[in-house]
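Novice: My questions all concern the structure below.
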Amino acid sequence: MDAEAGVGGADQLPWRQHYRNLLLLAYQSFGVVYGDLSTSPLYVYKSTFSGRLRRYQDEQTVFGVLSLIFWTFTLIPLLKYVTIVLSADDNGEGGPFALYSLLCRHAKLSFLPNQQSADEELSTYYRNGFTSRHGSLPWLRRFMEKHKNARTVLLLIVLCGASMMIGDGILTPAISVLSSMSGLKVRATGLHDRSVVLLSCIVLVGLFALQHRGTQKVAFMFAPIVVIWLFCIGGIGLYNIIHWNPRIYQALSPYYIVKFFRTTGCEAMFADLGHFTSASVRLAFITIIYPCLILQYMGQAAFLSKNILDMPTGFYDSIPGPIFWPVFVVATLAAVVGSQAVISATFSIVKQCHSLGCFPRVKVVHTSRWIYGQIYIPEINWILMVLCVAVTVAFRDITLIGNAYGVACMTVMFVTTFLMALIMIFVWQKNIIFALYFFLLFGSVEVVYLSSSLMKVTQGGWVPLVLALIFMSVMYIWHYGTRKKYQYDLQNKVSMRYILSLGPSLDVVRVPGIGLIYTELVTGVPNIFTHFTTNLPAFHEVLVFLCVKSVPVPYVSPDERYLVGRIGPRAYRMYRCIVRYGYKDVQRDDDNFENMLVMNIGKFIMMEAEDASSSASYDTANEGRMAVITTSDDYDSPLAVRDSNDLADSMTTRSTKSESLRSLQSSYEQESPNVSRRRRVRFELPEEDDMDQQVKDELLALVEAKHTGVTYVMGHVYIKARKNSSFFKRFAIDVGYSFLRKNCRGPSVTLHIPHISLIEVGMAYQV
């Protein structure tokens, strides 16, 4: 098809396609990334001129505030985020956990227990050409890798940033919607604050109630709404500059910042600039976002410099009368878009925390068939809705919510700066002077803002602190309990010497079928196996120890997802399969998983017979090699999968044993959202006379076991702290972790295991 396009088209297509995609992504970023940032003019000046700063409401103070906003806006979002932080994305993903996972791949800082050397061979594991754990400060890397307390502090800092971002998902919808609805009081003079709060709550409840439907049906409207909103506020700002105070451009001089602090003192430093934290696409930010917002801030300042008494509703009062209601409608829609973007980001953060073992199991729903990674988490959605409405009803004031918003966002800013300094050392391998300069330049500004915002703890700033403490406690306790459970499994796994001493029958009755044993171990045989066979001395003819693990990368390519190996000699019919997912991957309910597993094991058997050493990932002394099985290459597969709609044809192929070597069938039920139908799959072996008889027998046993059926075996573990444990450990395990485990979703549900084929083995751990 490309050859038929012509030589000229082939030469011009790449760069045209590149810029077309660039412009398309920049356009889409308006609705996805900039929603909350674009609505900031609704409440910034009102939040700034609150508290003690009310005593300084004059033209010079307005100039000083504008100068402070302009230079902070230029320094932090434009210089720090757009120029530097965006270069540290984790394969396109951002946020505290994305930066943390990037650090963990270049230094042994992670507490993820089941990591292995094979993960480092993933194509997305390293970036920017750095493929080894070396940095400009090897002693600092060794110190953090050696000392558990240092790694714990780093994890707590990351959890704090993630918790504050979840808090942002509560505060942003509240302040955005309440700010937009407050415009009604400008024209509807008889409208009380309680009515505005009620209308805001109705909008918020409707927004959260529609989350389960996803945004794919209305997402195409998000970008144009924000673009129209930006041009509206930019035009209004330009009009106000010309009409009210053309001298406002003088406020761009840093002189007014110095004069501002001489007049007001440091107590007035905090302005609600937390909305400047969103990571952004450079093109959209520089060309439209930055100039439109600067024009709006300048225009609003020009209006307020001549209308000081209109400070509480300065934005809506500055709108010319004929266009008030159209702008109000667009402002409300922009507030909804901004809230939607933050809510979706909160779902993504919780998913990252869950994948990296720092959040209890929750239901993750993939809401879009076309947009990969667009998810919905019901439990988190309703928690956010209740807390968001509670904040709106309790405070009823944009200023108080703005104080809380500032604490959350400034904390995330400082955490990002700290992690960026470490990335410069461990990932970018820059000199420590460069990292310190970055940290001191931006960190000092953010610390000053953060310290000033903490002065307003009693005026609403306590909300994000309490929320962060709750979410951090949940995350750390879950992470702590999960790590202790894994350590117990690791210390009590069955030795290979014991397995080999049992012989091929494993000293139990081997029944037809495939036994799929779920385990978190990537090596060895879990204790659940001996516990099961001790109470029921029978097991399946084919055993597969399956480990579904999360890798600290955003996405894992399907061709790199499966690792397959053998446990023990060939006659034991025991295999290990490791299925790897990134923290942004969605584990879908794939009805074809069983067939994919059989196909991959069949490929491994052939690769092992042919001694395909190029596919080996790592060697272990007890289990042999593990191999990466690519799912896209079916030409070398010993088992061809074909749909068979004719049952008669499938029955005739099983007349003799020799015929069954060429064609064997397996059937399973496949359900789609709209229809449930029975699908038959036929496994075929190639007609090759030179195939080793042992390989044929093993493949035949595998397919016959699949035809008999697959049984899933999973441990149902109760964890208790030892009696001599410390108070913290007993409280964390016996109270905190036990409560979270009982009230979160079970592992069989999150892994989409069919209940009719599930066997749970009860076990008690003393950790």
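Glycine residues also receive a Cβ, built from the backbone N, Cα and C atoms like all the rest.
TrEMBL labels come from automatic prediction, so no person has curated them.
Dumping what TrEMBL says about this protein:
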{"type": "COMPBIAS", "residues": "661-675", "note": "compositional bias 'Polar residues'"}
{"type": "DOMAIN", "residues": "25-500", "note": "domain 'K+ potassium transporter integral membrane'"}
{"type": "DOMAIN", "residues": "512-766", "note": "domain 'K+ potassium transporter C-terminal'"}
{"type": "REGION", "residues": "640-676", "note": "region 'Disordered'"}
{"type": "TRANSMEM", "residues": "63-82", "note": "transmembrane segment"}
{"type": "TRANSMEM", "residues": "152-175", "note": "transmembrane segment"}
{"type": "TRANSMEM", "residues": "195-211", "note": "transmembrane segment"}
{"type": "TRANSMEM", "residues": "218-242", "note": "transmembrane segment"}
{"type": "TRANSMEM", "residues": "283-303", "note": "transmembrane segment"}
{"type": "TRANSMEM", "residues": "323-350", "note": "transmembrane segment"}
{"type": "TRANSMEM", "residues": "371-393", "note": "transmembrane segment"}
{"type": "TRANSMEM", "residues": "405-427", "note": "transmembrane segment"}
{"type": "TRANSMEM", "residues": "434-455", "note": "transmembrane segment"}
{"type": "TRANSMEM", "residues": "461-478", "note": "transmembrane segment"}
Novice: Would the transmembrane segment (195-211) count as touching the transmembrane segment (371-393), i.e. at least 3 C-beta pairs under 8 angstroms with sequence separation of 6+?
Specialist: yes
Novice: Report yes or no: does the transmembrane segment (461-478) come within contact of the transmembrane segment (218-242), defined as 3 or more CB pairs under 8 Å with a sequence separation of 6 or more?
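Specialist: Contact between the transmembrane segment (461-478) and the transmembrane segment (218-242): absent.
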Novice: For the transmembrane segment (434-455) and the transmembrane segment (283-303), check the count of CB pairs under 8 Å (sequence separation 6 or more) and say whether it reaches 3 or more.
Specialist: no
Novice: Count the CB pairs under 8 A between the transmembrane segment (63-82) and each of 152-175, 195-211, 218-242, 283-303, 323-350, then give me the winner.
Specialist: 283-303
Novice: Is the transmembrane segment (152-175) packed against any residues at least 6 beyond its ends, judged by a Cβ distance under 8 Å, and which are they?
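Specialist: For the transmembrane segment (152-175), the list is 36, 43, 95-97, 99-100, 103, 109, 111, 144, 200, 204, 207, 274, 338-339, 342-343, 345-346, 349-350, 352-353, 358, 384, 387-388, 391-392, 395, 398, 401-402, 404-405, 407-409, 411-412, 415-416, 418-419, 463-464, 467-469, 471-472, 475-476, 479.
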Novice: Over the span of the domain 'K+ potassium transporter C-terminal' (512-766), how high is the average pLDDT in this prediction?
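Specialist: Value for the domain 'K+ potassium transporter C-terminal' (512-766), mean pLDDT as a whole number: 74.
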